[in-house]
Amino acid sequence: GKFFLPCLLWTSLSRTVTAGTLRELWIMPVLAMMHVVIGSAIGYYVVLRACGTRRGFRTVTVLSCGFGNSLALPVVISRAITKNPTIGDLVFVDPDDGDKCALYLSVYVIMLSLLMWSLGPYLYHRRVALEESAGEGVNRVNGDAENAGMRDAAHSSDVERESSAAGDTTLTNNDDTKRALLGVARNVFNANVNACLLGILTGICTPVRDIIFQPGRAFSYVGYSADSLADAAIPSILLIIGCSLANGPDYKMADKKSAIAVLITRFIIIPFITIGLYY
């Protein structure tokens, strides 16, 4: 996922991206935001009303409805379909259809990755905090007069130390903010997203694209090498997916009702809403 798939994305986008095609793909980031909003809203309904998902898996269920697998698995399915000339009444006559699918998915996943690693952690920590506060209850007992006096004395000493520690606290908060922003940036700009951005830049810059992917040019060996590595992306992804599903699903945390609800949300409800909005 960190080597072969980025090669596939880079080579596919480099051959298909132009400034004109990018102007036509403005709808893909909008769809990514819409899917996150709709999926999360349905997830809240699934968690709170329909399925009664057990505590400890509610947050994961909501986020699973809002954020789906929109790169590796769709790329595998689209490439497998477009490699066959005909499937039923559906005919693919353009040999670049597979590259076009990768282009659409890449533009979509750039926005999705930004939302996943910025909005996703916020929603996760917020939901976890709400679940913990709901589970704790309000069974706190006030101390007696002696304990109250001890608390007052401790409070007065804490106030004296606050002024000297204010500067250190500010520096610590700034460092925490920087670390959080760097963590978000590292997650957003992962290997696949970087490959998408590099492929878009290569496709827009026609001289660079031609010198790499046109046969007989100076750096055509780079394009040939990347194509060879890209051919290994689909088998490696299928192998990883097969190993992940070899033992079947684990229902220790997620009950079957919640798992089925997530599948229906991602594979039926959201696609039908998207198709309805498009037409």
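In case you wondered, yes, glycine gets a Cβ from its N, Cα and C as well.
Here TrEMBL flags 152-163 as compositional bias 'Basic and acidic residues'. Summarising the annotation, TrEMBL assigns region 'Disordered' to 149-172. Sequence annotations record features per position, and here TrEMBL assigns signal peptide to 1-19. Per TrEMBL, the feature transmembrane segment maps to 29-48, 60-82, 102-124, 188-209, 229-247, 259-278.
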Same-chain residues near the transmembrane segment (188-209), Cβ under 8 Å, at least 6 residues beyond its ends: 1-3, 5-7, 9-19, 22, 71, 106-107, 109-110, 113-114, 117-118
Top partner of the transmembrane segment (259-278) among 29-48, 60-82, 102-124, 229-247 - counted as Cβ pairs under 8 Å: 29-48
Residues of the parent chain within Cβ reach of the signal peptide (1-19), under 8 Å, 6 or more residues beyond its termini: 71-72, 75, 96, 98-100, 102-103, 106, 191-192, 194-196, 198-200, 202-204, 209, 212-213, 223, 226-227, 229-230, 232-234, 236-237, 240
